[in-house]
Amino acid sequence: MAAPRPSPAISVSVSAPAFYAPQKKFGPVVAPKPKVNPFRPGDSEPPPAPGAQRAQMGRVGEIPPPPPEDFPLPPPPLAGDGDDAEGALGGAFPPPPPPIEESFPPAPLEEEIFPSPPPPPEEEGGPEAPIPPPPQPREKVSSIDLEIDSLSSLLDDMTKNDPFKARVSSGYVPPPVATPFSSKSSTKPAAGGTAPLPPWKSPSSSQPLPQVPAPAQSQTQFHVQPQPQPKPQVQLHVQSQTQPVSLANTQPRGPPASSPAPAPKFSPVTPKFTPVASKFSPGAPGGSGSQPNQKLGHPEALSAGTGSPQPPSFTYAQQREKPRVQEKQHPVPPPAQNQNQVRSPGAPGPLTLKEVEELEQLTQQLMQDMEHPQRQNVAVNELCGRCHQPLARAQPAVRALGQLFHIACFTCHQCAQQLQGQQFYSLEGAPYCEGCYTDTLEKCNTCGEPITDRMLRATGKAYHPHCFTCVVCARPLEGTSFIVDQANRPHCVPDYHKQYAPRCSVCSEPIMPEPGRDETVRVVALDKNFHMKCYKCEDCGKPLSIEADDNGCFPLDGHVLCRKCHTARAQT
C-alpha cells in the first residue's frame, strides 16, 4: 500500500446546532459516482485507492482477523500539502438519503473557529499501549453532497425518533475532541510505522472519553483504537487531489471553498432525555470514541459481515440507533379521584353543607312516614273473592277462578279445607276439594260408582256409557234402539221380541219386525195372532186378505176359512 500524501491544514470549529463549520470557497470538482453499494449483497468490493484505509465489519464478541502484513505501513502524512493528499475514506458510498426538509440554524462565523486539535500521541512502549493511526485526509469535493445528505438524514431521523421532541440548545457547545471519526475493526499505520494492537489486546472500553485541548497544529488526526467488541465501520476513500472543502449543515449543497479553511468537526447532538454520549460524537485517542457505540448495544452489529465495505460511520450509526433510542420514563398520571374533586358517595371525608342539609331532610321525612303511615289505596280488583277485604301488596294471595283470595279464605265450599297447592274443582263458581266434589256427582244405576266423566241418562237414571247394556245379551245400547220391560230393564230389540213378543198361532214363532224395519205387523183374528204370511185358509191354504171383502176371512166354528170353504162346510 502506498503511503498517503500529506493532507492539507484543517482546523476544527465547534458550533451549537451545526455539525460542520463553514470553510472558504474552493473550485467545484465533479466527483465520481460510487460503483458499488456496500449494503447490497452480491456487489463486488472496489479496489482500494492508494493511501486508503479499510474498516472491517464484524459481530459483537467476534475476534477480528489480524491486519494484513503483506503491505508495509506508510509514515504519517506531512502537514501543509493539500494538493495530492489521499483520503482514508473509500470512494464507495451507498445511495444518499433524501435531503432533509427542515431548516438548520445559520452557520457560525469564522471568528468562532477554534484552533485545530493536536495530533494523537504515538505509540511508545510495549504492545499493550494504544497506537495512534495516521491522519485521514479530507474527502475530495465530490463527496460533499453525500456527506451533507447523510448528516441531514441523520438529524431528521434523530428528530423523528425523539419522543419528547428534543432539540439541542442553541447555547450549548460541546467540548472539542480529538477524532471526529473512529474505526474499530482495522488499524492505520502510525507515524513510526508500528502496527497497532489487535482488538483483543486493547484497553478496557469502560474508560471515560478524554478531552484533549486543541494545539496549534495545522492538520487533523483520525485515530483508530481497537475495542474488545468491534463495531462495523465503513471504507471511505477520499482523494486530496483537489482543494479541501468544508460542509455547512445549514444548506443542502455546500458552495465550493476558495481557500483552505479549518476542518469541520462534529458537534454531538445529545438528547435532553438521555445522558449517554451520542453515537455521532467524535472519539478520543485510545479507542474511547467507540465506547458510546458499545454502551448503546445495537443488535444490528451482529448481522453485519466482516469484510464488506459499509457507508460512512455516522450514517451507519444512525441506522442502528433508530430502534434503540433511550426514552424518558413517562410520569405516572395522578389517579382519577385526585383530578376530579367530586367525592363519590359513601367515601370517607367531611360532608359539605349541602350534603348535611339533604341528610337532615331525608331523616325528617323518614320519621314522618313512620309516625303517620299512609293507607294503601287498593283497587277494586285487589279485593279478596270471599271476604271482600283488601289485599296488601306484601301479603301472599291465591289467584283462582279469575279472582284473588287470601290463603285462609281459599277453602273448600263444603268441608272448609284449605285448597292452596291442591287440586280443586269448580262447581257453580265455588271451589270444592276432590272428595266433596265426588260426593256431589251422580252414581251409575248399574255399578253404583259416581260418574266423573261421561254420563248416559235413560229411563230417568244415570249410567256410565259402558254400563248401559242389554240385560239379556249384555250388548252396549249406547247409540242404538232399546226396549225396556215391565221391570224397567233395558233390552235390545231382538232379545225383547224373543222374550216378550206374541207368537203366531200357526208357526208358534214370535211376531217380530221385518229386517230393516222397526214396526211389527201382525194379524189378529179369532183372538189369535198370525204372521202376515201365516194368515191363510185352513182348508185350502189361500192367503186371506185383511180387508172385509170376498177374499177376506170367513170364520166357522173357530176356523179361519175363505168364503168357498166356508160355504162347503156349512152345506155338509
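Every residue gets a Cβ built from N, Cα and C, even glycine.
Bear in mind that the values here come from a model prediction, so they are computed numbers and not experimental data.
Feature annotations, courtesy of Swiss-Prot:
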COMPBIAS  63-78  compositional bias 'Pro residues'
COMPBIAS  93-108  compositional bias 'Pro residues'
COMPBIAS  143-156  compositional bias 'Low complexity'
COMPBIAS  202-239  compositional bias 'Low complexity'
COMPBIAS  253-265  compositional bias 'Pro residues'
DOMAIN    444-503  domain 'LIM zinc-binding 2'
MOD_RES   A2  N-acetylalanine
MOD_RES   S116  phosphoserine
MOD_RES   S169  phosphoserine
MOD_RES   S170  phosphoserine
MOD_RES   T179  phosphothreonine
MOD_RES   R253  asymmetric dimethylarginine
MOD_RES   S259  phosphoserine
MOD_RES   S267  phosphoserine
MOD_RES   T270  phosphothreonine
MOD_RES   K272  N6-acetyllysine
MOD_RES   K279  N6-acetyllysine
MOD_RES   S344  phosphoserine
Considering every residue in the domain 'LIM zinc-binding 2' (444-503), what is the mean pLDDT value? 87
Residues in the domain 'LIM zinc-binding 2' (444-503) per DSSP class, helix first, strand next, coil last, are 8 helix, 16 strand, 36 coil
Which residue counts does DSSP yield for the compositional bias 'Low complexity' (143-156) in the helix, strand and coil classes, in that order? 14 helix, 0 strand, 0 coil
